[in-house]
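Peer 1: Feature list, courtesy of TrEMBL:
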DOMAIN    6-426  domain 'Aldehyde dehydrogenase'
ACT_SITE  Glu210  active site
ACT_SITE  Cys244  active site
Amino acid sequence: MESQRQIIERLRAAFQSGVTAPLQFRLTQLKSLLSLLEDNEPQILEALQKDLAKPKFEAVLSEIDMVVNDLCYTINSLPTWIQPSYVGKNLATKLDDCFVRREPLGVVLIIGAWNYPLQLILAPLIGAIAAGNCAILKPSEISRATERLLAQLIPKYLSQECFAVICGGAEETKSLLENRFDHIFYTGSQAVARSILQAAAVHLTPVTLELGGKCPCLIYGRLDMLAAAKRLVWSKFFNAGQSCVAPDYVLCTPEMREELLPAIAKALSIFYGSQPKQSEDFSRIVTDRHWDRLMALLGKTQGRVVMGGEGSKEDKYFAPTVVVDLDGSDALMQEEIFGPIMPILTIESLEQGITFINQREKPLALYVFSDESQVVNMVLERTSSGGFCSNDGIVHMTLPGLPFGGVGASGMGSYHGRWTFETFSHRRGCMLRGWGLERISMLRYPPYTESNLSWLRWATSAKKKSWGVCSVM
């Protein structure tokens with residue numbers, strides 16, 4: 001059995017041979033990855049059911065189809081993406097070819113997460129393949145069934161010379177990070193991200209960190225309350241709240257809360273019936289340890305539980321839960337909940353809501369529900385977050401054309417669609433020169449003169465256009 005170091009050396013030798021560089025190789029591997037998903041959908045759904053009791057509907061949408069759509073988008077676009085991008089020139093470089101060339105980085109490491117154990121490791125892999133890299137995949141050991149399935153399927157469908165899966169827990173990951181990679185892509189918690197940054201710093205390895213945080217949902221102004229409640233409930237309790245982009249808490253006025261609560265109760269009844277535990281459409285918490293954490297967190301709140309609050313550790317069921325009458329100092333507001341608990345906090349004004357959000361770490365996603373465009377635009381312009389979506393939750397991350405990633409404590413770097421390709425590419429600035437215009441080149445040679453400096457500044461300067469006068473309102 002190969003050691004981690006031997007696997008990395010094997011992949012590095014393959015990369016240095018140039019096998020991954022041709023467009024046809026990249027497209028072949030991407031199409032093979034597509035076949036992996038299409039040929040093994042029943043096995044994938046079974047693994048996700050074992051790990052998280054994911055309903056087929058949610059698993060297909062979030063784990064399979066998201067990756068398939070990203071794959072098709074990339075396969076269709078890759079011949080265009082790999083073309084050099086030509087840049088503007090000045091008089092001194094008029095006869096030169098000046099362009100940006102996208103080149104692969106080398107051997108990259110992709111560390112996945114347990115909450116979407118298929119999507120969060122294959123989506124980055126798409127860009128790594130498209131950019132011409134070799135890749136090592138480290139699936140989460142917490143979602144064991146999916147980890148085992150990936151370890152079986154990846155060598156079957158992708159080049160074993162260029163791609164490998166390494167399984168194991170924290171010790172194996174720590175050992176893996178002692179090796180040099182050309183890029184590390186990690187999805188998970190902020191605590192582990194700090195360790196990965198420290199390990200990467202030893203080798204000056206660039207990293208992409210897809211983290212999380214407390215994603216707010218600000219509800220304000222006119223809107224269809226039942227429609228808003230349905231979208232809120234769906235996005236919050238999808239995958240039992242175990243989504244890094246799930247609305248973590250809600251901000252609304254006291255008057256709006258009185259309308260929102262019965263609408264949430266109605267939406268929960270429509271979605272999951274009077275007994276959500278019996279519903280086949282509601283997921284389970286991934287492990288006993290995570291279930292214990294959520295129950296302990298709920299036990300510390302000073303707020304009032306108005307819906308849910310119960311659970312069953314035996315089958316890791318945690319009821320969709322709504323908590324009110326709490327403030328920003330409550331235990332539920334000190335960390336990302338990452339489960340089916342929805343705190344609702346009240347504000348007196350839109351200004352207060354924006355201030356509340358801005359006083360905290362920048363979230364991975366920010367949601368605002370309102371029919372009033374001025375409300376949406378004000379929140380958009382006066383806050384910062386990884387992504388933004390009005391009048392819905394989660395769905396912005398399903399579009400391959402939009403970058404997905406955090407800012408500040410919610411992460412660094414982005415991916416999906418072309419953004420993944422760019423993440424795993426080096427943008428190499430290139431200038432191909434001939435021997436023409438030597439008379440201009442002579443201006444830069446010693447002995448230096450004021451006359452030559454003036455001419456050279458004229459030949460290399462960017463030309464000023466008519467900028468006009470900027471008025472400040």
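The backbone N, Cα and C atoms fix where each Cβ goes, glycine too.
In TrEMBL, annotation is done automatically, which means it is predicted and not curated.
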Peer 1: What whole-number Å value do you get for the CA-CA distance of Glu210 (active site) and Cys244 (active site)?
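Peer 2: Cα of Glu210 (active site) to Cα of Cys244 (active site) measures 9 Å after rounding.
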Peer 1: Would you mind checking how many other C-beta atoms are within 10 angstroms of the C-beta on Glu210 (active site)?
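Peer 2: Other Cβ atoms within 10 Å of Glu210 (active site): 26.
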Peer 1: Are there any residues in the same chain, six or more apart in sequence, whose C-beta is under 8 angstroms from the C-beta of Cys244 (active site), and if so which?
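Peer 2: Cys244 (active site) has long-range Cβ partners Asn115, Thr187, Glu210, Leu211, Gly212, Gly213, Cys215, Glu336, Phe338, Leu364.
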Peer 1: Over the domain 'Aldehyde dehydrogenase' (6-426), what does the predicted model average in pLDDT?
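Peer 2: In the predicted model, the domain 'Aldehyde dehydrogenase' (6-426) has a mean pLDDT of 97.
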